[in-house]
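For reference, the structure is listed below as structure tokens.
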Amino acid sequence: MREIQVRTPAKVNLTLDVVGKRDDGYHSIESVFQAVGIYDALTLTRVDTPGITLSSTNKYLPCNQKNIAYQAAQLFLKHAHRWDGIHIHIEKHIPSQAGLGGGSSDGAAVIAALNWLLGCRMSLQEQCEIAAQVGADVPFFLTGGTMHVSGMGEILEPLPPMPALPMVIAKGKAGVSTPEAYRRIDQLTDPVHPDTARVIDFLRNGRYWDAIPECGNLFEAATNLEEVTQIKQIMMDMGAQCALMTGSGSAVFGIFDTGLMAQKCCNALHAVVLYAVTCKTLKHSIRIVSRS
Ligand SMILES: C[C@](O)(CO)[C@H](O)COP(=O)(O)OP(=O)(O)OC[C@H]1O[C@@H](n2ccc(N)nc2=O)[C@H](O)[C@@H]1O
Ligand SMILES: Nc1ncnc2c1ncn2[C@@H]1O[C@H](COP(=O)(O)OP(=O)(O)OP(=O)(O)O)[C@@H](O)[C@H]1O
């Protein structure tokens with residue numbers, strides 16, 4: 001096989017709490033990650049020239065060793081003791097610096113795609129170990145769906161998949177650096193923690209409409225972005241069951257009862273944000289599009 005194409009989704013944090021700081025400087029989180037139907041598409045091709053090359057449809061994306069996809073390929077080839085020449089093309093649709101895990105998702109897609117392309121037959125555990133070295137959010141994307149995520153992001157407990165709930169995802173101008181967001185978490189004096197255990201208990205029992213109102217994100221208080229507050233208000237005014245910032249920000253997601261309500265909210269948001277799209281929660285994650 002010389003070429004493989006994969007599609008890889010974005011994620012939202014249905015709920016996200018930071019519960020401690022580790023000796024290595026990383027933080028321990030308690031979160032529920034949910035894959036959502038916004039995708040990047042990656043094409044990996046075996047080439048004769050050794051080394052890793054990268055191209056992207058997003059001209060602002062670093063196409064070098066700063067790219068998470070490049071780092072994932074480098075680590076995978078080293079772990080697999082392979083020296084094949086690989087070209088990675090990224091068709092970028094997931095907004096960056098949004099809290100949607102776009103870079104992390106690309107990294108996971110590269111690990112899974114190389115495992116198929118090079119016929120390495122690595123176990124999911126092996127792939128997760130490589131993913132955890134690439135970034136905290138990367139392991140989740142190897143399985144996707146609805147997942148209780150803890151530790152630094154490497155401890156994964158599958159939860160019953162959510163149904164295809166209508167969602168709106170919107171982002172204003174602000175981009176948030178994840179390290180800066182964590183530094184602000186450390187400075188919170190009186191944090192109000194979401195009740196993650198209660199959310200997970202509801203989700204384990206399929207009671208997702210009971211879980212949704214209990215969700216929260218500690219990064220909202222830490223980053224305190226006015227445009228996040230505005231977007232949340234518009235979503236709630238348009239009938240959202242919940243509206244929360246995802247990850248370290250700055251995108252906001254709203255969950256609606258019907259696709260029509262979601263579309264109406266998306267149309268209303270286009271007047272005030274850079275980016276608004278309707279999508280649905282997903283049971284799956286990385287999908288093979290084609291092999292040749
Ligand atoms: C905020 C979340 O997106 C929630 O899903 C993740 O915790 C962040 O995951 P991520 O963007 O993949 O983070 P990485 O790229 O691995 O780390 C970026 C920086 O964020 C901080 N970081 C990240 C994850 C974590 N559990 N604790 C941290 O303190 C560290 O300063 C790290 O150097
Ligand atoms: N393949 C990639 N796709 C997107 N961003 C990338 C990629 N590789 C490196 N980056 C850089 O990584 C940074 C974080 O990207 P990413 O999209 O994962 O952040 P995010 O949307 O905030 O996700 P998270 O939920 O992990 O915080 C971006 O600012 C970008 O410059």
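A Cβ is built for glycine as well, from the same backbone N, Cα and C atoms used for every other residue.
TrEMBL annotations:
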type	residues	note
ACT_SITE	Lys11	active site
ACT_SITE	Asp137	active site
BINDING	Pro95, Ser96, Gln97, Ala98, Gly99, Leu100, Gly101, Gly102, Gly103, Ser104, Ser105	ATP binding site
DOMAIN	67-145	domain 'GHMP kinase N-terminal'
Alpha-carbon spacing, Gly99 (ATP binding site) to Lys11 (active site), which is rounded to whole Å: 8
Overall pLDDT of the domain 'GHMP kinase N-terminal' (67-145), taken as the mean: 97
Largest tally of Cβ atoms lying within 10 Å of a Cβ, found at which of the binding-site residues Gln97, Ser105: Ser105
Pro95 (ATP binding site) to Lys11 (active site) - Cα separation in whole Å: 11
Lys11 (active site) in three-state DSSP notation: strand
Secondary structure content of the domain 'GHMP kinase N-terminal' (67-145), with strand meaning DSSP E or B: 43 helix, 7 strand, 29 coil
Additional residues surrounding ATP, by Cβ distance to the Pro95, Ser96, Gln97, Ala98, Gly99, Leu100, Gly101, Gly102, Gly103, Ser104, Ser105 centre under 8 Å: Ala10, Ile94, Gly247
Position of peak Cβ density within 10 Å, selected from the binding-site residues Pro95, Gly101: Gly101
Fewest other Cβ within 10 angstroms of its own Cβ, chosen from the binding-site residues Gly99, Gly103: Gly103
Alpha-carbon spacing, Asp137 (active site) to Gly103 (ATP binding site), which is rounded to whole Å: 9
Where the C-beta lies under 6 angstroms from ligand 2, the matching recorded positions among Lys11, Gln97, Gly101, Gly103: Gln97, Gly101, Gly103
Among Lys11, Gln97, Gly103, Ser105, Asp137, the recorded positions whose C-beta sits under 6 Å from ligand 1: Asp137
Rounded Cα-Cα span from Lys11 (active site) to Ser105 (ATP binding site), Å: 8
